[in-house]
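Here the structure is laid out as structure tokens; the discussion comes afterwards.
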């Protein structure tokens, strides 16, 4: 009898642990068309936590709002408190009357059209506490501006609730659903790139193998080509494999997916096969079948012939271009100097027009301020008339509009200096040097021409030489050691 009781006690102790492995491991919060998984939680670990952003929740709910014409959340509501309202499935009995309070239970459901919730339209406007929900035990939250942390007991996962910002006239609301679910499966970790070095390292060192391949390649081309090897990325390597050697059917791990794999049944190699290639998955695997050889891609280029060094003389085209540039610069300098004389008088006339426009804008701004004061008086009077209905905006069921008139732009417009002092007359960096306008323009044109001439003399011969040798470089063929179309 004692052994039976001991076995029964052990069974009831370990039974919750066994069943908890098959229970849902998280709580999923849904708003609009988006879902948020909580941290791992279950009956053994009942606290389900979320860290949410109110701006992101508003964007999610805007795709599928519970009510039309909801006022969205913005930084305007950063200073207002946030309230949480559970939605009841069963309506409890009402005891007593009066206004709703935290000790009274009544179903709080979202009704459309939603025109803004005040403190008396829902039974819970602060810490949630009722015979069904306890604020600290079942649900609690903390708010830091737009950042929201929610802790929900796992037993309450499956009930909807609402979040409300109690801002008069601006009451954004979020309607959230919760349901138990499983955490998404964790993706298997990828094989680190650093582990490929010792896995892909053959018995013969890479240095000896590559030197042997390069030596054989040079001998086959009679030392008339240059061998270029690229070992930058393992994914670009090539594979030669023998189809005569089969791959074991046991499960193996793919190590490398090469960019090119070619069968070589009758190829004579200077050394043995070092790796295992599976043709079905086109990858190097961890099985020790030794039917392949991996090598980095390398190419062949003919050795360029040595030519005589050409004489570095300035061609006639350089002098011709320099002369044309100097002539164009002088013509542009003269034309620009002549336009400065007429430009000064034009600036004076434009400055007069701007002054008259500024005076007209200032007068209109003063009239607008008077109209704004008149509208504000009427607004205050209408708010007093509709005081019992919550103000004019609540009575009209519209958003409140306000005027934002500032004097900063008008004052800046009046303080700006004359246009002639703000416009550069063509002389860069506003140098004066005590010279007249004509002398400054002539000096600037001369400096520009000298700089252009030096640039053409220094860079012109190099550019022409590169262009002259470009056709001969394009004609050089490019050979690849591994060609898919060649027969091995």
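Glycine residues also receive a Cβ, built from the backbone N, Cα and C atoms like all the rest.
According to Swiss-Prot, the feature signal peptide maps to 1-20, an assignment based on sequence analysis.
Among the features that Swiss-Prot reports, N-linked glycosylation site is placed at 140 (among others), with the record citing sequence analysis.
The N-linked glycosylation site annotation in Swiss-Prot covers 222 (among others). In the three-state DSSP assignment, the secondary structure recorded for residue 222 (N-linked glycosylation site) is coil.
Sequence annotations record features per position, and here Swiss-Prot assigns motif 'CXXC' to 225-228.
In this structure, residue 228 (disulfide bond) is part of a beta strand by DSSP. Cβ neighbour count for residue 228 (disulfide bond) (all protein chains, 10 Å cutoff from its Cβ): 11. Look at Swiss-Prot and you will find 225-228 (among others) tagged as disulfide bond, backed by similarity to another entry.
Summarising the annotation, Swiss-Prot assigns N-linked glycosylation site to 244 (among others). Of all the Cβ atoms in the protein chains shown, 9 others lie within 10 Å of the Cβ of residue 244 (N-linked glycosylation site).
What Swiss-Prot lists as N-linked glycosylation site is 272 (among others), and the listing cites sequence analysis. Taking a C-beta cut-off of under 8 Å and a sequence gap of six or more, residue 272 (N-linked glycosylation site) has these contacts in its own chain: 290.
For 313-333, the entry in Swiss-Prot reads region 'Fusion peptide', with the evidence type sequence analysis.
In this structure, residue 400 (disulfide bond) belongs to neither helix nor strand by DSSP; it is coil. The disulfide bond annotation in Swiss-Prot covers 393-400 (among others), and the record cites similarity to another entry as its basis.
Among the features that Swiss-Prot reports, N-linked glycosylation site is placed at 404 (among others).
Positions annotated as S-palmitoyl cysteine by Swiss-Prot, on the basis of similarity to another entry: 462. Under the DSSP three-state reduction, residue 462 (S-palmitoyl cysteine) is assigned to helix.
Across the residues of the motif 'CXXC' (225-228), the predicted structure has a mean pLDDT of 74. The Cβ of 462 has fewer other Cβ atoms within 10 Å than any other of the recorded positions 393, 400, 462. Looking at 140, 222, the glycosylation sites in this record, the fewest other C-beta atoms within 10 angstroms of the C-beta turn up around 222. Across the fold, the C-alpha of residue 140 (N-linked glycosylation site) and the C-alpha of residue 462 (S-palmitoyl cysteine) stand 75 Å from each other.
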